[in-house]
Amino acid sequence: MFNINPYKSKTTKSSSSSSASPKSSKISNVSGSGSSSSSSSSSSSSSKDKDKDKRKKSFLKDDSVPSLSSKTENSLSLTSLSEITQSMTNTQTQTATDASMTAEDVSEIGEDYDPFLSILEEPGVDGATIEKETTEELQEMLAVLKGVQNECNVLLLGRTGVGKSSTLNTVFGIDIPVHSSESCTQDPFTYSRVVNGFKLNIIDTPGFLDSQGELVDSNNMIKIQRYLSGKTIHCVLFVEKFTETRFDGAHQLVINQFTEKLGPQLWRNAAVVLTYANSVLPDSCYDGFDEEDDVGPWKKHYEARALQFRKFFAGILAQLPQDDYPPKHIPVYAMENSRRCKRNEQGQRVLIDGTPCLHLLISGLLKMVDPKTAFLFMGHLRAKNKPGRGHRGDQNDRELSIMDNITEILKLFIVPPFDQLGKGTVAKILENWGKKLDKYGNLPNLLKI
């Protein structure tokens, strides 16, 4: 498997180093105050400062930090994306700086706390006594997965206030600020944990249907498209609330927006996560049950809620190429992120029916990860060839659009330069790659290339 990042260039180094300069100056100031008391230690302190600066710069050279200059745009033939480039030009420098700062904070926090995934390394870490069956099951799945790849990219999507960041807090044990009415995540960002040599990356994204209006939603979608460009997505978690009873237009609107902008193949390896699963349900859910019965109404509501999403996603999954055997149904998991969540004797978070929710989510996620069905997101290339509203399109137009996308993709990493290849070589490459791309211009099966 390989990963193509069209934003990876020499310009990233310059922006990263510039974002690290304020911290470097702070370090030099501290060392300077110490050296004033003794002139003999000035040379040693300056050498230490240089070493620290090098470590800072090497740490900030991260592909996950989005940075794109005008020079890079021209070299990658992305200048036609006026909607994306114009909206991001003014905030580009600040975004790169904020992302670099956040990456360092997550690295420090992640090394200190690992609430659940630690059982994959050693049973009984920190005094936790997880069931032997649970530990062996997860370790076996991880071993099989590591035999194929050593990294997994999970994408979090959903409306504002449904608990995306709270779910991330539960999995990684970090403390991301959470607000209900406005999206607490302003820009997409990747949080990572390395467990027993396997790296789990969860991409947190801004919420939709934000109280700030449609313009914010539109800008957030552009941010997500830019951030995902060139990244391989292994699975998607769509987050919604467990306590709601209706599957209304708001749910459909958000799902349809993601399907239109990112492509239906997004849901090939996806699951729905229903948060606030242990909250009090509406009174109608308890009709026909005893007053002291909490498990019966909870199970009935969970099954009804899961059925709503399975029915809706069934229509989307039917759009995928059937020769890849897409799933007919999408899995649905209940999740409780509150710190007051009930726990079993082993210290695991449990739902009202006694099910360990985090165990089910993580094990289900590992089962979904299949590198053969992972897709390389190339949304910035697909948008370039989008036909007008009045144009119905035909087979020839679709084939020409895909050929244009292949040409742009090959220009990113073909050596020698793609433009210097002979016509016969180019024709042969385009013919072979044309069989690998789907109708959206993406690469759904990376291992077959």
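Glycine too: its Cβ is placed from the backbone N, Cα and C atoms.
Between the listed ranges 92-95, 204-207, Swiss-Prot ties the annotation region 'G3' to 204-207.
Check Swiss-Prot against the ranges 151-154, 275-278, 355-358, 367-370 and you find region 'G4' recorded for 275-278. Per Swiss-Prot, the range carrying the annotation region 'G1' out of 158-165, 286-293, 382-389 is 158-165. Annotated by Swiss-Prot as region 'G2', the relevant range among 83-87, 108-112, 123-127, 183-187 is 183-187. For the region 'G3' (204-207), the DSSP counts in helix, strand and coil order read 0 helix, 1 strand, 3 coil. Of the listed binding-site residues GLY158, GLY161, GLY163, the Cβ environment within 10 Å is emptiest of other Cβ atoms at GLY161.
Within 10 Å of the C-beta atom of SER165 (GTP binding site) sit 25 other C-beta atoms, taking all shown protein chains into account. DSSP classifies GLY158 (GTP binding site) as strand under the three-state reduction. Under 8 Å, Cβ to Cβ, and six or more positions away along its own chain, ARG159 (GTP binding site) finds GLY207, PHE208, LEU209, GLU240, ALA250, VAL254.
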